[in-house]
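One structure is given here, and the rest of the page talks about it.
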Amino acid sequence: FLACNLLSHFLFFSSPWPSITAKLINGGIAGLVGVTCVFPIDLAKTRLQNQQGKDVYKGMTDCLVKTARAEGFLGMYRGAAVNLTLVTPEKAIKLAANDFLRQLLMQDGTQRNLKMEMLAGCGAGICQVVITCPMEMLKIQLQDAGRLAVCQQASASATPTSRPYSTGSTSTHRRPSATLIAWELLRTQGLSGLYRGLGATLLRDIPFSIIYFPLFANLNQLGVSELTGKASFTHSFVAGCAAGSVSAVAVTPLDVLKTRIQTLKKGLGEDTYRGVTDCARKLWTQEGAAAFMKGAGCRALVIAPLFGIAQGVYFIGIGERILKCFE
C-alpha cells in the first residue's frame, strides 16, 4: 500500500511520465539480467542457510556440484521463474522509491547528506517488501526442495518424512511449484500466508537499504564526470558491487533468520520457529554464533553483481534510450 501510494505520487506529482517509465524499465532490465546471472549461487545460499545438524553440503561449490549432478543444470535454477516474474516490479519499486525520496528529502541533489540518504534508503527498503516477501517465500520452498530430497533419502529407513508443501491438513505428492504453494497458502491461511516472515524481511531489507544506498551514492559520486554529469558504466558497476557486498555481509544474520522462518517444509529432526526471537535463540544455543553467518560468501557473490548490474543499467539510462526509439 505504501509502495503504491509512493509510486502514484511519483507518477502524478513529481516527475513526467517518460522519467518514471524509464526508471521502471531500467529496474526491470537490471533485475532480469542480474537474476539470470547469479541465481545458482542464491540457491546454494538458501540450502546452506537451511542446513541443521549434519551438513549435506560442505560449501557453495560442493552444493552447486551436487545439485548439478542430482538435478541437472536446470536444477540450479529451481525457483528462478518466481524471481524472473517478480524481480521487475521489485527492483523498479526499490530504485524508483529511493530516487524519489532522495529528491524529496535533499534540497540540493548534488549535496551529500548522509542522514537523508539513509532515510531514503530506509523508505526504499520498506516499499520493496510488498513484492520481496511473497517472492522470496515462494522461491525458498522451491530452492530448498533438492536439499530436503537428499535428507529424505538419507533417512528413508527412519521415521516417515515430514509433510510435503502443505500448511493445512491436505497434503500433496505432486512436484512442488510456485503456483501450487501459493494456492495452498492462500487457501489455508489467506494473504497472510504469503507474507510469512514479513517482520524478518523488514529487519533485513531496511538495514540493507540504509547501508547500501548512501554507500553506493558516495562511491559513485567519486567517478562522476564533469562533462557528462554521470559516472561511467564501469565505475557505477564497481561502486554497486562494492556497496552490495558490504551491505549483504552486514545483514547476513538477519537473512539467515528470514530464510529459516520462511521455510515451510523441514527435514527430519529440524527445528521449527515461532518468530524472529525464537529462531535467533534456537540458532544461538543449538548451532552457535557461526550459524548466523551461513551463506555470507554466497550473499556477497549474489548481491554484488546483482546491484552492480542494476546500478550500471540505471545510470547508463537504457530505459531512456528505449523510450527515445518510440518518440
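Just so you know, glycine gets a Cβ as well, placed from its N, Cα and C.
Here is what TrEMBL records for this protein:
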type: REPEAT; residues: 18-104; note: repeat 'Solcar'
type: REPEAT; residues: 112-222; note: repeat 'Solcar'
type: REPEAT; residues: 231-320; note: repeat 'Solcar'
type: SIGNAL; residues: 1-22; note: signal peptide
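Across the repeat 'Solcar' (231-320), the DSSP tally of helix, strand and coil residues reads 70 helix, 1 strand, 19 coil.
Remark: secondary structure over the repeat 'Solcar' (18-104) totals 75 helix, 0 strand, 12 coil, with classes taken from DSSP.
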